[in-house]
């Protein structure tokens with residue numbers, strides 16, 4: 001480290017608001033969102049694990065997706081809520097690195113999971129007779145392990161290189177979690193290679209998974225249009241449109257946030273975009289993908305009646 005610099009031991013996260021009134025309002029909003037995320041996804045996991053009629057590949061993927069969402073949001077929401085409540089804005093150097101590593105790895109895995117789930121629905125709707133043979137338990141496990149393997153293969157190199165950078169000050173980030181692009185700006189050495197590497201990786205991941213998801217849903221829509229019953233088409237389109245809306249919000253905010261040059265010092269608009277793909281879509285996902293399903297609602301109703309009866 002240069003003689004003119006002092007190695008920093010913590011970062012200051014400016015957070016989401018600069019007034020106490022807004023901080024309290026955001027604490028309530030994000031607290032409710034986090035509670036809904038936990039309740040919704042825990043319900044999906046428990047129902048799909050204990051109900052014999054829900055032991056199918058679709059619910060296997062949804063169960064893993066629910067567990068991933070709980071883990072992903074737990075990497076930053078508890079610390080954000082604590083910061084809003086106590087006005088403590090600092091995070092230690094190791095804590096920042098760990099949060100960044102988990103956030104990007106789990107977020108990337110979410111993209112792969114969404115692509116896999118769209119592929120599962122494509123096979124189920126467009127090739128129903130071959131579905132049991134294609135989506136057997138072994139292949140489902142291979143898809144899940146493949147998502148994690150690709151995630152670590154792509155995201156570990158740049159994150160590990162970022163962790164090894166020297167940070168000498170300033171130490172202020174205009175964000176509510178440790179964002180990699182802003183973290184690189186705070187390093188007191190050249191980070192051009194890491195920035196280019198991360199950009200290339202994001203170009204591979206975001207458009208790549210989006211193409212798989214878009215093509216899968218495109219084929220599904222074509223198949224739905226061939227359904228002779230108008231009631232059947234309306235029901236299928238209702239489910240499909242809800243899925244597509246969540247996918248569009250998630251991908252559009254992610255792409256605009258990361259597939260463009262990071263602004264020096266960060267912008268407030270970046271924090272709003274991050275809230276959309278990291279909190280808003282995670283809040284509605286269990287209800288859009290699982291809890292609206294007729295079989296899941298029936299299983300949930302039976303659980304509630306059974307629990308009420310035992311009381």
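First residue shown is number 1, and so on along the chain.
In case you wondered, yes, glycine gets a Cβ from its N, Cα and C as well.
Annotations in TrEMBL come from automatic prediction, not curation.
Note that the structure is a prediction, hence the values are computed from the model and not measured.
Feature list (source: TrEMBL):
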- 40-289: domain 'G-protein coupled receptors family 1 profile' (DOMAIN)
- 24-49: transmembrane segment (TRANSMEM)
- 61-85: transmembrane segment (TRANSMEM)
- 97-119: transmembrane segment (TRANSMEM)
- 139-156: transmembrane segment (TRANSMEM)
- 199-227: transmembrane segment (TRANSMEM)
- 239-259: transmembrane segment (TRANSMEM)
- 271-291: transmembrane segment (TRANSMEM)
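Within its own chain, the transmembrane segment (24-49) has Cβ neighbours under 8 Å at 16-17, 55, 59-60, 62-63, 66-67, 69-70, 73, 77-78, 80-81, 84-85, 279-280, 282-283, 285-287, 290-291, 296, 299-300, 303, counting only residues six or more beyond its boundaries.
Residues 13, 15-17, 23-24, 26-27, 30-31, 33-34, 37-38, 40-42, 44-45, 48-49, 91, 99, 102-103, 106-107, 109-110, 113-114, 116-117, 120, 140, 143-144, 176-177, 278-279, 282, 285-286, 289-290 of the same chain sit 6 or more residues outside the transmembrane segment (61-85) yet have a Cβ under 8 Å from a Cβ within it. Note on the transmembrane segment (239-259): residues 111, 114, 118, 181, 199, 202-203, 206-207, 210, 213, 217, 220-221, 224, 270, 273-274, 276-277, 280-281, 284-285, 288-289, 292 of its chain, located 6 or more positions outside it, place their CB under 8 angstroms from a CB of the stretch. This prediction places the mean pLDDT of the domain 'G-protein coupled receptors family 1 profile' (40-289) at 88.
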